[in-house]
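Chemist: Below is a structure I'd like to ask you about.
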Amino acid sequence: MPLQAEGRAVTWWLCASGFLIGCGFLAKMLAAWMVVPAFALAWLVGGGGAWAARVWRLLTAGAVLAVSSLWWVVMVALWPGGRPYIGGSENGSAWDLVVGYDGLGRVFGFSDGSSQAMAGMGGGFGGEAGLGRMFNTQVGGQISWLLPTCAVALALAVVCTVLYRRGRLDQSGVLPASGWLLWGSWLFVCVAVFSTQKGIFHPYYTTQLAPAIAALCGGMLATVIRVHRAGVTWAPWVGAAAVAVTAGWAMVLVRRTPDWNGWLIWPVLLIGCAAIALLLPRRGGNLLLAGAAAAVVSMLVAPGAWAANVSASSNLMGGANPTAGLRSSLSAFGMSGIPGQGSSGNQGLSGMPSGMPSGMPGGDQGGMPSGLPSGMPGASGGSGSASGGLPAFPGGPGAMSGGFGGSSGSALTSDQRKMLNYAVKHSPKARIKLAVSGGAMATNAFILNSDETVIGMGGFMGADDAPSVDQLKKWTGNGELRYVVGSDNAGGGAMTRPGMSQENATDRSEWISKNCTKVAASAYGGSKTSQQKTGSAAPFGASMLYDCAAR
């Protein structure tokens with residue numbers, strides 16, 4: 001939009017751009033603002049009028065951006081009386097969420113040591129931070145296919161600009177510099193942030209690079225055509241170079257999963273070679289068009305196959321961490337197999353650094369490393385799993401062997417269904433039929449598979465102060481809530497989120513254990529194993545039914 005900001009509509013277009021970025025902030029917070037430098041630079045370079053006017057209009061658009069982004073933060077802060085707790089924050093404020101867990105904490109890491117623990121696990125979801133993150137096993141197959149092409153495109157833009165300024169290329173052979181600055185700086189800023197991000201990083205974040213990659217590749221194609229028509233003899237060589245580096249990198253990525261669509265190496269190689277041959281100098285007309293078509297096919301056939309296999313809701317991580325390619329669910333953790341998971345259970349780790357410390361899955365002894373924050377699998381003093389499993393995610397087939405228990409799968413177990421039925425039968429007048437420790441991750445199956453009012457205590461993963469102990473006292477005291485699915489371990493059925501304390505979950509758990517009575521499994525027809533000590537049986541979520549009727 002800022003490139004359209006010319007003439008009378010200049011201020012309107014700029015303000016519209018700021019407004020839409022602000023709408024993006026409401027969905028992804030500071031991630032939406034990462035493109036602001038690109039828009040500002042493109043406008044300052046390519047905008048019309050005097051410099052003072054450009055700066056003034058840019059500041060006006062910045063004001064619109066600030067208002068459209070932060071209005072809800074201000075409203076939450078100024079709202080009188082009671083309001084819902086802001087999940088993910090330490091104190092219930094929206095500002096804490098913006099600059100903390102969902103904001104700067106993702107970029108710079110957290111002060112509780114969880115960032116270091118994630119680094120020890122290979123960087124968590126997206127591999128270790130560093131310049132090579134965009135090309136590693138976890139992230140490379142998501143977005144890096146055309147990054148080599150973007151490098152060629154930006155180099156071509158610089159060369160054409162230099163030739164134009166020296167009078168060796170007329171204006172018809174170059175695209176506006178503002179466009180290259182917009183998409184080039186968009187790509188540079190996002191790659192720099194994602195590569196060095198020390199906090200939580202999910203591979204699907206890289207979709208923010210897609211518009212810039214598409215624009216740069218399209219700009220390269222348009223520029224090659226323009227300079228070729230202008231009589232530049234080396235233009236086809238640029239296209240051939242782009243095909244060579246892109247096809248070469250695609251073959252590297254395909255070879256990382258040779259058992260899944262490994263045959264794609266051959267069409268990439270053969271079509272790429274044909275494209276290079278047809279794009280060589282001294283060819284023109286239909287042969288040149290055929291070469292261009294072959295180049296596009298060779299560049300897109302492999303990433304197209306990966307994109308077509310985006311994880312569905314039946315896969316392990318479902319919509320919680322959508323990624324492309326075969327290993328979309330486990331490769332996000334840097335793993336291709338989990339111990340104890342059938343035939344693929346012994347595959348160990350995929351893409352993790354060699355020489356992983358003893359105790360890592362796929363390491364010398366299996367299990368998870370020591371020294372993780374309380375509440376993480378394998379952690380001491382919390383709700384960790386001694387067997388080193390991993391969580392089941394919403395939309396997945398259920399908890400893994402040795403992993404986080406509770407109800408984090410997509411279907412209720414027999415015992416969970418019996419717990420719910422028992423609670424509904426014995427608390428007909430209660431507004432809330434069941435409250436489950438472990439947050440939304442442990443409660444989704446109850447919500448998705450029943451029409452009863454079931455709440456997850458602790459927000460997303462059980463660490464939020466919602467409901468507070470005082471709120472629980474009020475609900476149980478006035479009859480709004482009677483039954484709770486809790487945990488008798490120190491972590492209160494929660495998995496600690498990086499940057500967040502587990503104190504809230506522990507306080508709830510202690511209050512429940514002191515003020516509520518355990519319901520024997522035989523009372524609701526559950527199995528004997530359903531009430532094993534949750535410190536080892538169900539580290540994430542909970543499996544103990546409590547009756548909190550006022551005593």
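Note: Cβ is positioned from N, Cα and C throughout, glycine not excepted.
As the structure is a computational prediction, the values presented were derived from the model and not from experiment.
Pulled from TrEMBL, these are the listed features:
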- 346-359: compositional bias 'Low complexity' (COMPBIAS)
- 360-369: compositional bias 'Gly residues' (COMPBIAS)
- 378-387: compositional bias 'Gly residues' (COMPBIAS)
- 395-408: compositional bias 'Gly residues' (COMPBIAS)
- 419-515: domain 'Putative mannosyltransferase YkcA/B-like C-terminal' (DOMAIN)
- 342-412: region 'Disordered' (REGION)
- 9-27: transmembrane segment (TRANSMEM)
- 33-51: transmembrane segment (TRANSMEM)
- 58-79: transmembrane segment (TRANSMEM)
- 143-165: transmembrane segment (TRANSMEM)
- 177-197: transmembrane segment (TRANSMEM)
- 209-227: transmembrane segment (TRANSMEM)
- 234-254: transmembrane segment (TRANSMEM)
- 260-280: transmembrane segment (TRANSMEM)
- 287-308: transmembrane segment (TRANSMEM)
Chemist: Write out how many residues of the domain 'Putative mannosyltransferase YkcA/B-like C-terminal' (419-515) are helix, how many strand and how many coil, based on DSSP.
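Modeler: So the domain 'Putative mannosyltransferase YkcA/B-like C-terminal' (419-515) is made up of 40 helix, 14 strand, 43 coil.
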Chemist: Among 58-79, 143-165, 234-254, 260-280, which stretch has the highest count of C-beta pairs below 8 Å with the transmembrane segment (33-51)?
Modeler: 58-79
Chemist: Within the same chain, where does the transmembrane segment (58-79) have neighbours whose Cβ lies under 8 angstroms from its own Cβ atoms, ignoring anything closer than 6 residues to its ends? I mean 6 or more beyond.
Modeler: 11, 14-15, 17-19, 21-23, 25-26, 32-33, 36, 40, 43-44, 86, 93-95, 98
Chemist: Grab the pLDDT values for the domain 'Putative mannosyltransferase YkcA/B-like C-terminal' (419-515) and give me their mean, rounded.
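Modeler: Averaged over the domain 'Putative mannosyltransferase YkcA/B-like C-terminal' (419-515), the predicted model reaches a pLDDT of 86.
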Chemist: Residues sitting near the transmembrane segment (143-165): Cβ under 8 Å, six or more positions beyond its termini, same chain?
Modeler: 134-135, 171, 173-175, 177, 180, 184, 187, 206-207, 209-210, 212-213, 216-217, 219-220, 223-224, 227, 238, 241-242, 245-246, 248-250, 253, 299, 302-303, 306
